[in-house]
Amino acid sequence: MDQAKQDELKKAAAKKAAALVEDGMVLGVGTGSTVKFFIDELGKKKAAGLTLKAVVTTSSRSQKQLEGYGFTVSPLSEVDQVDLTVDGADRVDKQLNGIKGGGAALTLEKNVAVNSKKNVWIVDESKVVDHLSGFALPVEVLPISCMQVEKRLADEGLKPEFRLTEDGQRLKTHYGNYILDLKLDRIPVPSGLADYLDHTVGVVEHGLFLNICDQVIIARDNGEIEVRSR
């Protein structure tokens, strides 16, 4: 499929997600190529009179785009709860569980998501899988114990690798931590791995988003827009 056709599908999915946004909401906005089109749709709705109580976002790129449309972006700490968050995902399975954090913003993404009444992901068909696989699982770790965590994960057969910058340095997250990418072919029991990582000292957060997403809007290659709900 050529890029122009793929973009048209993403725009259609973004428009469907934008239809869920209502006046007076506290809205969470993620990042990614499809979310970019969602923000464009928000801009149209704002021009038509949409008013939001607050907007929070998970990336500086989305913040800049939102502000370009006249939205004021607030930090998560300044809102009690988010009514709706629209974001992308790196992978999503049949149970609407997903892998996120390819952009290294997993800690903020998960904090926004778990503090949202409803989470909607918009993705293209390439992100949809039967079982979580085909994408490295990011794990954010504290620098002070990163080597110990790496060894512990390696001993468990989880194949950790430090994510590096273009010049070969360890990539630092917004919070000054490192990312270990788990190069797993497949995650057979996501809940078990999530529980293990949750209880590993030195792990700040991981990219398994389980029982968080309420609805996925999928741009299919055949031109259809599919909606799956939990």
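Our numbering is plain: 1 for the first residue shown, then up by one each step along the chain.
From the backbone N, Cα and C atoms, a Cβ is placed for every residue, glycine too.
The annotation active site, proton acceptor is assigned in Swiss-Prot to E109 on the grounds of sequence analysis. E109 (active site, proton acceptor) carries a helical DSSP state (H, G or I). Note on E109 (active site, proton acceptor): other Cβ atoms within 10 Å of its Cβ, all shown chains, come to 26.
The annotation substrate binding site is assigned in Swiss-Prot to T31, G32, S33, T34, D87, G88, A89, D90, K100, G101, G102, G103, K127. In sequence order, D90, F135, P138, G207 are the residues near G102 (substrate binding site), counting only same-chain partners six or more apart with C-beta under 8 A. Under the DSSP three-state reduction, G102 (substrate binding site) is assigned to coil, being neither helix nor strand.
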- Let me know the most crowded of the binding-site residues, choosing from K100, K127 and counting other Cβ atoms within 10 Å. K100
- Message: Counting only residues 6+ away in sequence within the same chain, which have a CB under 8 Å from the CB of A89 (substrate binding site)?
- Response: G98, I99, K100, W121, V123, K127, F209, C213, V216
- Query: If you measure every Cα to Cα distance among T31, G32, S33, T34, D87, G88, A89, D90, K100, G101, G102, G103, K127, the residues said to bind substrate, what is the biggest one in Å?
  - Reply: 15
- Near T31 (substrate binding site), which residues of its own chain have a C-beta under 8 A away, given they sit six or more steps off in sequence? T57, T58, S59, R61, S62, D87, G88, G103, A105
- Item | E109 (active site, proton acceptor) to S33 (substrate binding site) - Cα separation in whole Å | 16
